[in-house]
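Trainee: One structure follows; several queries about it will come next.
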Amino acid sequence: MDHIKFDQSTPASSQQKMESATLNCSQFTAFSGLQRCPLKSHRTSISFKSSTSFTVRASVIGATDSAVTLLDYGAGNVQSIRNAIRYLGLDIKDVQTPEDILNAKRLIVPGVGAFAAMMDVLNHNGMADALRVYIEKDRPFLGICLGLQLLFESSEENGPVKGLGMIPGVVGRFDSSSGCRVPHIGWNALQIKKDSGILDEIANRHVYFVHSYRAVPSKENEEWVSSTCNYGIDFISSIRRGNVHAVQFHPEKSGDVGLSILRKFLLPNSPITKKSFEGKATKLAKRVIACLDVRTNDKGDLVVTKGDQYDVREQTKDNEVRNLGKPVELAGQYYIDGADEVSFLNITGFRDFPLGDLPMLQILRYTSENVFVPLTVGGGIRDFTDANGRYYSSLEVASEYFRSGADKISIGSDAVYAAEEYLKTGVKTGKSSLEQISRVYGNQAVVVSIDPRRQYITSPYEVGFKSVKSRSLGPNGEEYAWYQCTVNGGREGRPIGAYELAKAVEELGAGEILLNCIDCDGQGKGFDIDLIKLISDAVSIPVIASSGAGKPEHFSEVFSETNASAALAAGIFHRKEVPIQSVKDHLLKEGIEVRM
């Protein structure tokens, strides 16, 4: 194991002790043309010194029979399922050998990433055969997402690739030509088909999905299917046969509903408290996302702030950074309040070594211990060379954030540069952070954040970028506008439009677009409907509307007039001007389905 030490200490008195923390950066090696993250992966241990004390809770190796055995093949955010298990009061034993699978009392196989990479690891380490034996003996098993898909005969993802072959059927990709956005991201409803055991009493609740591939029900596999979900077509959302369960959705990201599912599997004899629920989940819900812009203030404290057209300083004599609260506390409150996702944006942009930003890693770890909805983190996800000349790929940087609790990575400026190069050459190099991360973790794990500024023009032919007829006239009576993309926190304009950027990053592997608008940021006058409609009509991946929300009606407006899949707000939630529940109550009243 290689040890690389970075001194991140701050001046301290002799009375203060410097605490050290050890972080792991997953290393990926090429295998058969794919990025591979082996079960017993080689890891680089990076030791930091920090004046802030925190604890990384390790898995319990060699725990008692009450422990849950977890097969972590090394990709994606498995920290969340670990946290959920611990939240329910149980210990974890990690699989190290095939014998650990065969000896497990209860086995969970989470899956985040690509089917081919996972099967390669399982076959290489002898785990595939052990899983087949374990399942054939009807031992307590729970597969999650990719952990469900691997049970089928094969997958078309980077394939065909053979699966474990336990269930008849082929895992195929959703067809975006039918009008569905791919990946399937968000809270959807289940149709229970038979006694599902762990899914009892949740038929009228939404659960969280994030995937591009699915298995479909058939006569050959109907004995396995316990529930389906509709997204363009009916696909298999869960299976059950005896003690063997698997779900396509993520219970560890499905709030209290998901925790109740895990509890039923792990603690089948424990009493379940029913939660009253008004309404009924019938389809994919529109998402309401809380965003936390995080940065250090002038005192060096990490705070949640909010800008006014990207200016985060108060317009006072002291010109201090706006301080709207502590990140972990606010995220926890938004989870309680009903936020469907929480997004962290580090607006300092990792000016120094990205993996040395220990406070942001702490925020993710602490937040994910008690917040069981998806977490996105953005800011500075890029290739980096430190002061000693050591090169770190964007994949290594992203990996540490996934392992710390992030479900999705948001890429901003780096995606703009990659798109510009792609549009210039027409060649996908595979070297950009966007391409690297989506190839290993799947495009559902990559969000591209677009920060455009409106540029008014008198004619749609005035520039070589896609323009719209604007709802409001420009300062000189201009009727049209195009949206110039920016980088570096909106400080630098680039020769590319938002429309052109969105189309390019979709081709490069983005799974979702976070669409901001500098002109509307902090204004509270509503989302830029022209911009959001332009982009959401142009791409087949989900689009998150951002910037400008000031009241609940702005959310219903953007969902009614555009194809946005989600809407995000920051300041109105931080300042408690508009509660999240008020937004959802309003949307329900307007006939727009949301998770309650």
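Positions of Cβ are set from backbone N, Cα and C atoms, glycine also.
TrEMBL: automatically predicted annotations, no manual curation.
Feature annotation from TrEMBL assigns active site, for GATase activity to C145, H250, E252. Feature annotation from TrEMBL assigns active site to D293, D451. TrEMBL lists C145 with the feature L-glutamine binding site. The substrate binding site annotation in TrEMBL covers G380, N516. Sequence annotations record features per position, and here TrEMBL assigns domain 'Glutamine amidotransferase' to 70-266.
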Trainee: What is the interatomic distance between the Cα atoms of D451 (active site) and N516 (substrate binding site), given in whole Å?
Mentor: 5
Trainee: Of all the recorded positions given, namely C145, E252, G380, which is spatially nearest to D293 (active site) at the Cα level?
Mentor: G380
Trainee: At 10 angstroms around each C-beta, which of the active-site residues E252, D293, D451 has the fewest other C-beta atoms nearby?
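Mentor: Relative to the other active-site residues in E252, D293, D451, D293 has the fewest Cβ atoms within 10 Å.
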Trainee: Take the Cβ of H250 (active site, for GATase activity) and count every other Cβ within 10 Å, whichever protein chain it belongs to.
Mentor: 26
Trainee: Can you tell me the mean pLDDT for the domain 'Glutamine amidotransferase' (70-266)?
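Mentor: Here the mean pLDDT over the domain 'Glutamine amidotransferase' (70-266) amounts to 94.
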Trainee: Once the chains shown are all counted, how many other Cβ atoms turn up within 10 Å of the Cβ of C145 (active site, for GATase activity)?
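Mentor: Cβ-Cβ neighbours of C145 (active site, for GATase activity) within 10 Å number 26.
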Trainee: Nearest to C145 (active site, for GATase activity) in three-dimensional space, by Cα, is which of the recorded positions H250, E252, G380, N516?
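Mentor: Comparing Cα positions, the candidate nearest C145 (active site, for GATase activity) turns out to be H250.
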Trainee: List the residues of the same chain that sit at least 6 positions away from N516 (substrate binding site) in sequence and have their Cβ under 8 Å from its Cβ, in sequence order, or write 'none'.
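Mentor: The list for N516 (substrate binding site) reads S449, I450, D451, P452, S546, S547, given in order along the sequence.
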Trainee: Let's check the environment of G380 (substrate binding site): how many other CB atoms sit within 10 Å of its CB?
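Mentor: That number is 24.
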Trainee: To the nearest Å, how far is the Cα of E252 (active site, for GATase activity) from the Cα of G380 (substrate binding site)?
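Mentor: Rounded to a whole number, the Cα-Cα distance is 27 Å.
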Trainee: Tell me the Cα distance separating H250 (active site, for GATase activity) from G380 (substrate binding site), rounded to the nearest angstrom.
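Mentor: H250 (active site, for GATase activity) has its Cα 27 Å from the Cα of G380 (substrate binding site).
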